[in-house]
Amino acid sequence: MNPSNIRVVNLLPSALAVLGVILALYFFSQVSASLMAVTLAVLLASALNPVVLFFERWMPRGFAALFSVLLLLGGFIGLGALAMPPIVEQLGSVNLPGTVGEAQAQLEKLAQRYPQLSPLVQPERVEQFQAQLTEWLSASAGSLLDWAVKAVGLVFTGLITLVMVILALSSPAPLIGGVLGAFPPQHRTKAARALAQILVQMGAWGRATLTIMLATGAIMAAGLYFLGVKNWLVFGVLSALGELIPNIGPIVSSGLPVLFTAAEDPQKALYVAIFALVFQQLEGAVLAPFLLGGAGRMHPLSVTVGVLLFGSVFGIVGAFLTVPFLIVIKAVYEHFYLAGNPRPELTDEVAQALIRGDVGEELAREQEREDILKEQREKAAKAEAEAQKSQPGSAEKKLSMQEVEQMLTAGGDAQERQPAQQSPLAQQSQPAPQAISAAPAVQVISSSPAAALSRPETGPAAAEPDQHR
């Protein structure tokens, strides 16, 4: 073995990174309930910020925040008071053993029509399923104390979340300033832009999701009512709650009324399935794009994979927090990674060629187009250089004798004055680093964050040095 071919690789950083990821996942899985409360507070604060800005015209921001949260809470309490009595009545009429018996009768009819299904309706299997269902119901009834404790904990977590929302909306500037201050000065501009994108997209997603939930629940309940489905209001509420879990939740919640109706009337179940399928297509093609707009701009496959990954790690809480997690990851990736490593822009023709399998030819054409553009840019730069040479005195400013004498008498100050002799274009391309102070942080939450951060700083405030550095 040649010693010169031996390479020593330090795997300690990679091992520490993997260990850090594992420990982080374990930590977040242990505090998933608290993590959901904090994330929900950020979502509600981002979604209610425009409402607070509206009421801030007539009252202080603290009272505007409190009034906005109470208005939202009152709306939910009012809807619950209207919907809870019929929901309780319909839940009381649910007879699971009777539904199982009706389903068994329907399966026996299908087995008589299709003998291939006869092994599925054997009496032994049906009795075993009924015994398991009875055992599960008995265990659920026996753990009423556990359910009561969980309900009390859920109410307490909800109250803490509302308090966090009120505090965040009342005084957001110190919070945002603290988050930005945790970054080094040279990265605070990127962090501010990423935070602005996160707040805007989370707020838009939260408002759109709430609207979609209300619309989905109302339309599904009305459709099931006109189709004559029992417990139509319960299934409508389940359809609304299913919107909290992207892509997977609506499918599961729409399938429940189909299964329960199939046990009584298979033909009606077919109509229910058609209605649910048509509504899901309309929601995905019209309602969701119209309400969500550009919030997130993520592919449905990415969201579905995120639901599976975060759901497997954090459970139902992770499935609910998939979109907020992806919004944060996307903003950090765009403003910290892509900002310093811009990816080459590939046209849609390249993607279509990759799907067809002839991407080589399309990439060759793309390379030809890039070569032509490069040649045109070189010709334009050469023509500009020749034009500058033909006009003496325009490309470089000549120093007068008085300026030369001042530079000679200044001594070492001449090196400091050299950057001032650069062209205006060079001066614009080298902006002076400036730490983010609390003033831009207020603009991030009080108005449009993206617009506030995109405006260049002018006036005396821009020239003041950072006193906190």
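Placed from the backbone N, Cα and C atoms, the Cβ positions cover glycine too.
Taken from TrEMBL, the feature compositional bias 'Basic and acidic residues' applies to 375-387.
Residues annotated as compositional bias 'Low complexity' in TrEMBL: 418-452.
Taken from TrEMBL, the feature region 'Disordered' covers 375-469.
The transmembrane segment annotation in TrEMBL covers 7-28 (among others).
What TrEMBL records for 34-55 (among others) is transmembrane segment.
Marked as transmembrane segment by TrEMBL: 62-84 (among others).
Positions annotated as transmembrane segment by TrEMBL: 154-183 (among others).
Sequence annotations record features per position, and here TrEMBL assigns transmembrane segment to 204-226 (among others).
Annotation source TrEMBL lists transmembrane segment at 232-262 (among others).
Per TrEMBL, transmembrane segment is recorded for 269-292 (among others).
As annotated by TrEMBL, transmembrane segment applies to 304-329 (among others).
The largest share of C-beta pairs under 8 angstroms with the transmembrane segment (154-183) comes from 62-84, of the ranges 62-84, 232-262, 304-329.
Listed stretches 34-55, 62-84, 232-262, 304-329 were compared with the transmembrane segment (204-226); the greatest number of C-beta pairs under 8 angstroms is found for 232-262. Within its own chain, the transmembrane segment (34-55) has Cβ neighbours under 8 Å at 28, 61, 63-65, 67-69, 71-72, 157, 160-161, 164-165, 168-169, 172, 199-200, 202-203, 205-207, 210, 314, 317, 320-321, 324, 445-447, counting only residues six or more beyond its boundaries.
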